[in-house]
Structure formats: C-alpha cells, structure tokens
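Working notes, beginning with the structure itself.
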Amino acid sequence: MSEQEIWEKVLTLAQEKVSSASYQTFLKDTKLFKLQNEQAIVVTDDDFVANWLKMNYAEIIKAALYEAIGHEIAPVFYTEEELKSLHTSEQKEENQPEQPAKKYTPGVDEAVIGGEQFNTHNTFETFVIGPGNRFPHAASLAVAEAPAKAYNPLFIYGGVGLGKTHLMHAIGHYVLDNNPDAKVIYTSSEKFTNEFIKSIRDNKTERFREKYRNIDVLLIDDIQFIQNKEQTQEEFFHTFNELHQANKQIVISSDRPPKEIAKLEDRLRSRFEWGLIVDITPPDYETRMAILQKKIGEENLNIPTEALTYIANQIQSNIRELEGALTRVLAFSKLQGQPITTELTAEALKDIIQAPKSKKITIQDIQKIVGQYYSVRIEDFSAKKRTKSIAYPRQIAMYLSRELTDFSLPKIGEEFGGRDHTTVIHAHEKIVKDIQNDPTFKQEVENLEKEIRNQ
C-alpha cells in the first residue's frame, strides 16, 4: 500500500470519529509525507491546524494508523514550511565536503536522536520563565552549555504539563546546535523498559547496551515508571554508572522527587540525588498570561487581552491545559466564523471549565460513583476478582481516574489493589477503544463523568 493509500484509509477511519465540520476544517487537507523511524510525518496547512491535531486528534489518528498498517506508529505534525526548512538543512549537510568515515558503533548510530526528532517548538527561546520554573530553567541551560560539568545528574520533577519535557528537548536542541556530532538520546523510561525486554527476547542485550552507554547525553523522561521493575532498574543502574563514570551528562524527569518514588532501589535513589534536584510548580497568573501572549505572538494572531485574561484566570493547573484551551478557543472561533470575544471564549471553554469545585476529585470519589452505577462494592475495585461484572467497571474507574485526576499511573494502580501501571494503561486504552466503537457506551461514560464532576 502506498503512503497516499494509507492516508486515504486513515482519513476514512478518522472521519467516522469526528464531526463533519471538524473533519473539513482540520483533517481533509492533511497529507502523509512519509513513514519514518516509527513515526508518521503528517503535513498540515499551518501551525494552528498542526497544534489542534496534536492536542485533540493524535490518539484518533494513531488508532487509525494502527488499523491501516497493522502496527503502532506515532503521528507527528509539520507545516509545509517546517518540512522545507528541514529539507534545506538536509541538503546543506549533503553538500558539505566529504568527511572521513566515522567508526560505526552497532546499535548507536541508527538510534541516536537528531534534532529533527525533538519537538521543534521546545527550545530555551520559547520557554516562558516564571517563579515556578526559573530555577529548573537555569539549571537546564547550565547543563546544556556545559554537559557533565555543571550538574550531573540533573533531576527535574513536577506535575503533568508543567514543562519538564520542554526543558529536556531544549537541552537536546542546544547540545546538538553547538555540537552536531554529539550523541544525544531522549527517551521515556517506559520505552527504555520495552526496548530492554525486546533485547532480551531477541538475544541482543549487548546491542541495547551499546546504544545507551556509548552516548554523550541521556535524557530520560518519567523515570517513576521503572519502579517495581527489578531487571530494568538493574540495567539502568549499570547504564547510569557507565555514563557517569565516563563523564557523560544524564538528565532525568519524574512526577515526584526520588525519595517519593516507591519501590525504587536505594542505590538508584541515591544516584539520582548525587547531582541537582529541581522542581517545577504550576505557573502563576503573570506567567500564564505571558505564555498565552507568546503563543499568539509566535502564530501572529490577534486576540483581545480580555479573552486571554479569561483563559489565564480559568485554566490554572498546567501549561498543557492552558495552551489546549487557547487552541480550543481559536478552533471554536474558526468553526463559528466569529471574532474572538470574552463571551465566545467562555462559550468555547464551558465544557472544560467546571463550576467552582467544592473539592478535588479523588480516586475514591470515582470508585464510589462507578461502583453505585454498576453495583460493585468499593472493596471489589481493589480485589483480585476478574469476573467481567467487576473487571470491566474496574477498567472504567481506572480510565476515569486517569482522565479526571492528576494522579500518576503508579498511584492509580496502587489505589486499585496495587496493580501495575501497565494494567492502568491497558484499561485506559481498552475503554478509549470501546468509547470510539460504541456511541451508547460513550454516552454512559460521559454521564459518569458529569456525575463525578458535579458531586
């Protein structure tokens, strides 16, 4: 099947999952540029559409790609201009005088991440500094300017959507911009684990070790996911030691500090504490306004200050939700064919802004509502029972816990009888698929969400 045929199938599948207006506005004119390195490079008309697809339809497109080609592949979104820029850079490299051949290192050269695989937006220049992230930004910049000489390891922790990944990508961009020959790997601990398991299964552990131990900078996201994984922790311990002893930079991110990562080996915990530990906290009002203003400035948009003020006042939890709210308002304005006003902004965000909460949603709240709906006792959510009448409501409760709370995957698993985070991921993926395939079930879940939010 050609790439054009693949994309036609993807669009046909995606069209069934979105409204006609959304399809015409955001999906109809997209193209599949190519499949490369487990990524589907999708071309869009402009930054606005690219951002909207990334924020709202990435999972739908990912599922459609899986159905079209038979294996998982992640969509990434570029504008025509960005692709031309990348192509120009590649041509410049091709026109450089031929250099002596570098020594090939098995498992490294084909796996080392180049700058084009980092998010092009996530640089130090685009990072908005405020009281909650000033120290992490300064530490990250120091590490990028002098790898392994400033803070090693650098451990960044904080809640979802606060800028940890942005800083890690920024470090990668900076290092490669100043030393194109540097070997930089950015990965998540989950991917590290999966690669390690595959290397054992395929009898290629030495190749895996060459990949991760013969580099200059290792950027590893969401390290908390290696808790409970003894073999992965053992492997990462030795990888950490080899890199550190070779004076190579290690940057780690997590949703909590090392001391709060349960079931993490003490020897790893102590190594994470060798360098500098910094935390990112939610942005204050001034920082939220600065983020919104920078965003509209980058995209050359004209939005009234009153509308931005409304967004900044209503969305306070994290940057990802803040930018998502702005994207939602822009899309709503475009679909309605109306200029952005405070009233239109409020209308666009009414479904994601709840009335002032009397209390924060807890996993216990979710278990209570789901239990009442499906006649399941709260204690059964934590039990080992696997009968469908209990197992399926448990999966729904796990899905809602991930959607409606900021708790980490391990924490959610812990609240459901100490289950592994992969069980939570599986439950979430199953319910997402069932929602997509069954309109009646989708309405059922939406009703549960409303009841939980309004309790």
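FYI, residue positions are counted from 1 along the chain as it appears here.
Just so it is clear, glycine is given a Cβ too, placed from its N, Cα and C backbone atoms.
Given the structure is predicted, the values throughout are model-derived calculations rather than measurements.
As recorded in Swiss-Prot, the features of this protein are as follows:
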type	residues	note
REGION	1-74	region 'Domain I, interacts with DnaA modulators'
REGION	74-116	region 'Domain II'
REGION	85-104	region 'Disordered'
COMPBIAS	85-95	compositional bias 'Basic and acidic residues'
REGION	117-333	region 'Domain III, AAA+ region'
BINDING	G161, G163, K164, T165	ATP binding site
REGION	334-455	region 'Domain IV, binds dsDNA'
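Within the group of binding-site residues (G161, G163), the Cβ with the highest number of other Cβ atoms inside 10 Å belongs to G163.
Helix, strand and coil content of the region 'Domain I, interacts with DnaA modulators' (1-74), in residues and according to DSSP, is 44 helix, 13 strand, 17 coil. Long-range Cβ proximity for K164 (ATP binding site), meaning a same-chain Cβ under 8 A and a gap of 6 or more residues, is found for P136, I156, Y157, G158, D221, S253, I280.
Per-class residue totals from DSSP over the region 'Domain IV, binds dsDNA' (334-455), listed helix then strand then coil: 84 helix, 0 strand, 38 coil. The local packing around T165 (ATP binding site), expressed as other Cβ atoms within 10 Å of its Cβ over all shown chains, amounts to 20. Cβ proximity to the ATP site centre (mean Cβ of G161, G163, K164, T165, cutoff 8 Å) flags the following additional same-chain residues: G158, V160, L162, H166, L167, S253, I280, N318, I319, R320. In this model, the region 'Domain II' (74-116) carries an average pLDDT of 53.
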